[in-house]
Amino acid sequence: MSQTPTRADFDHYMVPNYAPQKAVPVRGEGSRLWDQEGREYIDFAGGIAVNGLGHCHPVLVEALTAQANRLWHLSNVYTNEPALALARSLVERTFADKVYLCSSGGEANEAALKLARRWAHDHHGEHKHRIVSFSQSFHGRTFFTVSVGGQPKYSQGFGPVPGGIVHGHYNDLDSVRNLIDDDTCAVMVEPMQGEGGIIPAAPEFLQGLRDLCDAFDALLIFDEVQTGAGRTGSLYAYQQYGVTPDILTSAKSLGGGFPVGAMLTTDRVAPAMAIGTHGSTYGGNPLASAVALAAVEFIDTPEVLEGVKRRHDLFREHLEAINRQHGVFREIRGMGLLIGAEMAPEYEGRAKDILPLALEEGLMALIAGPNVLRMAPSLVIPEADIAEGMAWLERAVARLVAGQ
Ligand SMILES: *Cc1c(COP(=O)(O)O)cnc(C)c1O
């Protein structure tokens with residue numbers, strides 16, 4: 001007899017590294033979700049910036065089921081049509097000449113960092129291995145990526161961390177000038193810090209990093225795992241900044257909910273990843289590639305990307321209206337549909353307290369650190385869902401202010 005799983009099963013059977021909400025969603029459609037009890041939710045969280053086309057978008061369902069009836073997996077002993085089509089599509093739409101496919105953001109960043117180290121090793125020698133990244137940055141949970149990431153809580157307590165990694169201050173070019181030298185192989189940066197609090201880079205900061213990398217022959221790596229695949233209103237955020245990296249990583253919305261990651265690079269750098277230097281059993285998996293190809297082709301159109309910008313304005317207007325009423329936010333910021341509302345001093349650290357209240361009202365949202373309420377909804381969220389979700393968020397904020 002099969003029994004319906006419950007939230008209590010999590011505590012019985014799962015390693016305790018997460019603390020999931022009590023509700024267990026069982027079905028989704030567009031920007032709506034339903035839990036085991038049949039309660040309806042509006043989704044401003046998007047699976048943490050992953051469900052770029054909402055839940056069960058027909059274009060992605062069609063791509064997945066068509067591929068599921070054809071071919072699931074081969075390994076990299078063979079190549080396959082969906083992986084080749086995805087790689088070509090990414091190359092044609094970006095600065096890149098070459099693509100490496102994998103299954104997550106952390107894996108894409110791991111590949112980017114290993115490629116940078118290997119490229120510098122091959123062209124300059126052993127000494128050129130230093131990596132510059134930024135405090136508060138987030139690049140994944142593998143041991144290399146938590147070490148490069150700028151949140152020590154994620155790398156502490158696991159023994160010695162890999163060496164040669166230094167952290168500058170985001171949007172502070174002088175801090176990088178003090179760290180970068182001829183031994184630097186790469187600078188890794190998010191064009192907008194996501195987990196670190198929804199902080200867009202100043203254009204002159206990214207351009208300055210580009211110039212410093214050129215001066216020291218270091219590679220510029222843009223981590224676009226969260227900002228990529230249409231999230232900021234262009235296919236990749238670098239396209240709006242007009243600053244081109246040597247390596248770019250993508251995941252999250254790229255698969256719309258199917259696990260996939262990609263590392264993009266140029267013909268100058270790619271050869272360092274020679275046969276046998278790196279790999280992944282699932283990288284370029286046909287199912288993942290078919291879904292990602294459908295997602296990229298659907299998202300990279302003027303209709304969808306302009307829709308992201310229009311929805312950005314709507315989110316901002318609603319959040320400003322809530323703020324005029326309740327005065328809880330100090331600043332509303334972000335790009336496209338990656339939006340942060342930083343709490344006012346009186347509500348310091350209390351963004352996290354809004355989440356359970358919002359969920360009781362039926363709204364799923366996110367935080368980026370304890371002080372920033374974050375939203376990363378579907379890029380095609382219907383305007384009616386934005387209005388209704390915001391009405392529910394307003395009720396949650398009103399309850400926070402009333403001290404309930
Ligand atoms: C989420 C995220 C990652 C990690 O991606 P995973 O798929 O969880 O491994 C890396 N970098 C950034 C900027 C992210 O937002």
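Along the chain as shown, residues are numbered 1 onward.
Every residue, even glycine, has its Cβ placed from backbone N, Cα and C.
Note that the structure is predicted; figures quoted are calculated from it, not measured.
Database features (TrEMBL):
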BINDING   F138, D223, E224, V225, Q226, T281  pyridoxal 5'-phosphate binding site
BINDING   R141, S280  N(2)-acetyl-L-ornithine binding site
MOD_RES   K252  N6-(pyridoxal phosphate)lysine
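On its own chain, V225 (pyridoxal 5'-phosphate binding site) has G105, A108, N109, H139, G140, G194, T249, S250, A251, K252, G261 as residues at least 6 apart in sequence with a Cβ closer than 8 Å to its own Cβ. Take the recorded positions R141, K252: by the count of other Cβ atoms within 10 Å of each Cβ, the lowest one is R141. Contact annotation for binding-site residues (E224, S280, T281) versus ligand 1: none, no CB falling under 6 Å from a ligand atom. R141 (N(2)-acetyl-L-ornithine binding site) is 14 Å away from D223 (pyridoxal 5'-phosphate binding site) when you measure Cα to Cα. Within the set of binding-site residues (Q226, S280, T281), the lowest number of other Cβ atoms found within 10 Å of a Cβ is recorded at T281.
Its Cβ placed at the centre, F138 (pyridoxal 5'-phosphate binding site) has 25 other Cβ atoms within 10 Å. Residues F138, D223, E224, V225, Q226, T281 are the ones the record ties to pyridoxal 5'-phosphate, and the longest Cα gap between any two of them is 25 Å. Within the same chain, residues at least 6 positions away in sequence whose Cβ sits under 8 Å from that of E224 (pyridoxal 5'-phosphate binding site) are E190, P191, Y236, A237, Y238, L248, T249, S250. T281 (pyridoxal 5'-phosphate binding site) sits 19 Å from R141 (N(2)-acetyl-L-ornithine binding site), taking the C-alpha atoms as the reference points. The DSSP secondary structure for D223 (pyridoxal 5'-phosphate binding site) is strand.
For the recorded site, the residue listed as 'N6-(pyridoxal phosphate)lysine', the DSSP three-state label reads helix. Cα of F138 (pyridoxal 5'-phosphate binding site) to Cα of S280 (N(2)-acetyl-L-ornithine binding site): a distance of 22 Å. DSSP gives S280 (N(2)-acetyl-L-ornithine binding site) a coil state; it is part of no helix or strand.
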